[in-house]
């Protein structure tokens, strides 16, 4: 054996050892849009990651990167993660959609799971939760609780997921309180406590006494508490530290079962690209405890709604519903199809203001 | 559209609160840069101050002690920067950036146990008769001590740089450290003092965020306020009065645009969202362009390494 073949076989052996080692442990990466301590969206994704670690023990190694900006930076982070040997990568924000697709093309052997998006490939699956089901419950409670009939809504970005939430909350608030009016502020951020607090304060100063938020920090809760007679809902996470008032209920994202399921699929070699969109029924969306600040009959009504949505007996987008311009969207008894919901870019009738395009 | 919903009095009061963290950080950075040091670690010092102040306020139940701890924390972190850049003569830009990264991580570490905790309330200052004046009382005289302190600080820094001998020395060090050294001034010591002052101000600004404006602790809660402060110093062409103007403009337009959105103003939201940056930059640039020598106003030794032997 001359030196060259020796080196070659050594390299081969090393390479084999390397793959063997990699196969020992499944490496799962997570890319987060905020810090894991945000108390909301990213916090819950990280809870899912921790559950994966606990469930699989030594068989799985997880890595994560927090506060990754949506855009070119995300692509860099993803490439880095894929190069470092990740087998499965969860990208947990809408804005990672194109970066995920781009990087996935370069690494056909790495599996990607993108949250809340709609672009898929052979090695890119998508998953999301039907948050609008929870929004329906919030809207119902908010409609009952408001005395000024002004409900403030801190929206993040004008994407279908957020617009669905506004529509769903509005439809159910109006159902129990026909005089209700929504004031929407687009914060153009998922996470900026100071700005979220300012937005909440601006809404409160303009008469809102119930605040819904689609941003990730607990700052609006603190602002509402400071202002006094204002009610809020936990977003993405329970935010129970602000219960029983101002936080009177919450939407909790429960990613744990899904993450464990998908990691198992990768270990078994059974992973295929798909689109998962689960709601209250499957347990991906949970409604946090409705506190005693809410009257008992309202609470009972909300629980009945949760039950109806969970069992599939009721769809939050059930006709008759018109679009903002008055044109008919859904006829009596008709329910919205997922395609329309996923691409939703219009307000329903009664909402004021325009969606930024 | 419903402009009646916007109450100018309440709006102005919110504006003062929203602007204070940036104002504090910017006025501190102004002094640092006037001494010829470019500290890009404002964000890191702010967030360190935010958690130091928050933690001490929660533990002791006293916001005052919290604010003092925030200043101490910010100053301590800035002295790490001071030691590296002034004594070990490291690159100021790189060290400043590292300070921001370090501050963000370090504050997250200390803050682990404080997520979801509520800080003790900071009392509004009782200004007696002044607070009872209709309209003006609510607008100007119903804030907490820190708001007034920040305004007093701007006036003090302005007077210090303009009228005092010590201010002249500080500026001399910033303009030409070799000449100042030749005259017998302790360049490194003066700069360290300026850096510590800047750190204390940034720390106080951070604590104002975590104890009054938001009030809670969340990781990464400054989200860029330190960078805004840095930009305001430059656009204000290193003048204390304009720093005040810049900070209030930025804070004011930021609050105003949210109010306009809530009131349903028919202007594209993207434009409203960008307006704090656009308006602040535009106003300050126009003001500086007027004099034609704004660029010359930058301290000549800004960011340059000083060594006594050269």
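Glycine too: its Cβ is placed from the backbone N, Cα and C atoms.
Features reported for this protein in TrEMBL:
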TRANSMEM  B:6-25  transmembrane segment
TRANSMEM  B:37-58  transmembrane segment
TRANSMEM  B:64-84  transmembrane segment
TRANSMEM  B:96-115  transmembrane segment
TRANSMEM  B:135-161  transmembrane segment
TRANSMEM  B:192-211  transmembrane segment
TRANSMEM  B:217-236  transmembrane segment
TRANSMEM  B:243-260  transmembrane segment
TRANSMEM  B:266-287  transmembrane segment
Recorded stretch that, among B:96-115, B:135-161, B:192-211, B:243-260, has the most CB pairs under 8 Å to the transmembrane segment (B:64-84): B:192-211
Contact check, the transmembrane segment (B:6-25) vs the transmembrane segment (B:135-161), 3+ Cβ pairs under 8 Å, seq sep 6+: yes
Range from B:96-115, B:192-211, B:266-287 with most C-beta pairs under 8 A to the transmembrane segment (B:135-161): B:192-211
Within-chain partners of the transmembrane segment (B:217-236) [C-beta distance under 8 Å, separation at least 6 from its ends]: 21-22, 25-26, 29-30, 33, 40-47, 50-51, 54, 100, 104, 107-108, 111, 114-115, 117, 119, 202, 205-206, 209-210, 242-243, 245-247, 250, 280-281, 284-285, 288
Annotated stretches the transmembrane segment (B:192-211) and the transmembrane segment (B:266-287) touching (3 or more Cβ pairs under 8 Å): no
Considering the transmembrane segment (B:243-260), which listed stretch of B:37-58, B:96-115, B:266-287 counts the most C-beta pairs under 8 Å: B:266-287
Interface check, the transmembrane segment (B:96-115) with the transmembrane segment (B:37-58), three or more C-beta pairs under 8 A: yes
